[in-house]
Amino acid sequence: MAEVGRRFCVGYALMPKKRRSFIRDSLVRLAESRGIDLVRIDTDRPLVDQGAFDCVLHKLYGADWRRQLENFKVVNPNAVILDSLDAIERLHNRISMLQVVSELKIENHDESFGIPEQIAIYDKEKLSDRRAWEALKFPVIAKPLVADGSAKSHKMALVFNHDALNKVKPPIVLQEFVNHGGVIFKVYVAGQHVKCVKRKSLPDVSEEKSDSVEGLLSFSQVSNLTNHERVDEKYYQMMQLDDTEMPPLSFVTDIAKGLRHAMKLNLFNFDVMRDSNNRNRYLIVDINYFPGFAKMPGYEKILTDFFSDIMRMKDSELVKAWFENDASEPPAFDKRQVNNCANDSRNVVMLTCISNGDGGG
């Protein structure tokens, strides 16, 4: 039943493909029942002329769009923008996106986390200089330096030796491959709402196999290998994903909370691997802004709950400061969130899911 009073208007500006996958009838109906209207923004018209949206949800870039958001904010100072372009752009570089992980301090857990050894290669000259990457141990994953959600940014390769590096094109990031049991954990974050799923990934590579394999293996996404990209079908036939233990719920939630506050972002996911050689060690290997939420079962409720949080607290000075990237205290923000929830434990869900991937954004 819709809430009494003025309805909350969320304008969305998305590319056609993203719009088709995310703005589904099931989401629109659930949001409407909670007093939230999802309204499409006409990108061919100035944003400021299209009404006083309470919230603008977007995944567009460029100087013109930035100017439109700035002009809209001047006219509508109380509107919430999801999310800040400056904060989003940090995730477009695979080096800067993971720097924030090294700055996080998560206490009171037996588990540890970090990022794999990695280095940026900007040109062929540096690629040929072994001293530049001698600290890395093969195999490595070669990823495009730019991570803008395009198909090109998802073209990766598992490189087994130095000679094969000649087949990759800079600028790239060389990230040390860590055996992780063929499973990757994808943690989706929508404000305080967190969901963790597990998906099949690249299989472990033994030292014997690494020495015997020549060249490189190209693929699109670690969690989205097509059948012809599988490097070892027997491995996947033997592996039972249901038997894979999920990371501790509180541990994943604390990392998500820390990333949300450090990056000043509200809609993102991050990929986590568990080191096969140390089951208490986890590695964050990627962070994506506004990923494919719609491929999670029950995404409609998570996103509607998130919009409802904004609707209930939009007039709070604390929330204004948070969404405007001021240095508000996270504990105070979280306390208010909990006080507005009938049962805060419902906001964190752990789910087992195998799918074709979410496109990374």
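Every residue gets a Cβ built from N, Cα and C, even glycine.
According to TrEMBL, the feature 1D-myo-inositol 1,3,4-trisphosphate binding site maps to LYS18, LYS59, HIS154, LYS186, ASN288, GLY292. For LYS18 (1D-myo-inositol 1,3,4-trisphosphate binding site), the same-chain residues 6+ apart in sequence whose C-beta sits under 8 angstroms from its C-beta are LYS59, PHE290.
Shown in sequence order, ASP204, VAL205, ASP275, SER276, ASN277 are the residues of the chain, 6+ apart in sequence, with a C-beta less than 8 angstroms from the C-beta of ASN179 (ATP binding site). Feature annotation from TrEMBL assigns ATP binding site to ARG94, LYS143, 175-186, SER201.
The domain 'ATP-grasp' feature in TrEMBL is assigned to 105-315.
Marked as Mg(2+) 1 binding site by TrEMBL: ASP271, ASP286.
ASP286 (Mg(2+) 1 binding site) has a Cβ environment of 23 other Cβ atoms inside 10 Å. Residues or ranges marked as Mg(2+) 2 binding site by TrEMBL: ASP286, ASN288.
Taking only the Cα positions, the spacing between GLY292 (1D-myo-inositol 1,3,4-trisphosphate binding site) and ASP271 (Mg(2+) 1 binding site) is 13 angstrom. Spatially, by CA atoms, the binding-site residues ARG94, GLN175, ASP271 include one closest to LYS186 (1D-myo-inositol 1,3,4-trisphosphate binding site), and that is ASP271. With respect to ARG94 (ATP binding site), the closest of these binding-site residues in Cα terms is ASP286, chosen from HIS154, ASP286, ASN288.
For the domain 'ATP-grasp' (105-315), the mean pLDDT of the prediction comes to 85. Rounded to a whole value, the Cα-Cα separation of ASP271 (Mg(2+) 1 binding site) and PHE185 (ATP binding site) is 6 Å.
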